[in-house]
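According to TrEMBL, the feature domain 'dUTPase-like' maps to 18-151. Sequence annotations record features per position, and here TrEMBL assigns substrate binding site to ARG72, SER73, GLY74, ASN85, LEU89, ILE90, ASP91.
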Amino acid sequence: MSAHVLQVKVLDPRFGREWELPAYATAHSAGMDLRAALEAPLRLEPGATALVPSGLAIHIADPGLCAVILPRSGLGHKHGIVLGNGTGLIDADYQGPLMVSLWNRAAQVFEIAPGDRIAQLVLLPVVRAVLQVVDTFEESARGQGGFGHTGVR
Ligand SMILES: O=c1ccn([C@H]2C[C@H](O)[C@@H](COP(=O)(O)OP(=O)(O)OP(=O)(O)O)O2)c(=O)[nH]1
Ligand SMILES: [Mg+2]
């Protein structure tokens with residue numbers, strides 16, 4: 001398994017004192033959990049979204065990589081706490097504060113405490129494209145079929 005060195009700026013001094021830096025929970029975890037670097041508990045009303053600081057900045061630097069912010073499955077499935085932007089995409093040249101858009105899609109209020117692990121960060125390879133304009137595509141098995149055209153069973 002390869003590990004990539006990722007530069008991180010600690011923007012919130014509670015990291016290292018009260019909170020551990022994001023880390024892989026198991027030997028083969030794909031994501032590391034991001035914490036809510038909040039000053040006070042946040043009551044997220046049903047349907048509400050909030051932009052929550054992670055207390056960190058990262059600089060991926062390598063254009064062959066990006067990071068995505070994904071929901072934690074327990075929060076998303078059991079409590080309806082998912083991301084207001086679907087998935088967060090972190091560009092390799094982004095150096096600003098890493099933010100998490102949290103959306104309470106549930107019918108109940110959900111409270112988030114400072115330091116709670118709210119989402120996860122996954123580093124991914126990127127292939128960047130150069131567009132080549134054409135008039136026709138070489139025939140393929142699927143052609144223009146999509147959106148369920150292969151059926152259900
Ligand atoms: O959940 C997220 C999503 C994005 N970002 C940061 C990193 C990313 O590199 C930058 C821009 O994100 P994106 O391109 O998705 O947003 P945009 O609305 O297109 O903004 P921009 O015009 O700055 O590209 O915002 C976050 O901190 N958290
Ligand atoms: Mg953009």
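Using the three backbone atoms N, Cα and C, a Cβ is placed for every residue, glycine included.
All TrEMBL annotations are machine predictions without curation.
Filtering GLY74, LEU89, ILE90, ASP91 by Cβ distance to ligand 1 (under 6 A) retains the following binding-site residues: LEU89, ILE90, ASP91.
Shown are the binding-site residues SER73, ASN85; of these, the residue with the fewest other Cβ atoms within 10 Å is SER73. With all protein chains in the displayed structure included, the most crowded Cβ environment within 10 Å among the binding-site residues LEU89, ILE90 is that of ILE90.
Each residue in the domain 'dUTPase-like' (18-151) gets a DSSP state, and the totals come to 7 helix, 53 strand, 74 coil.
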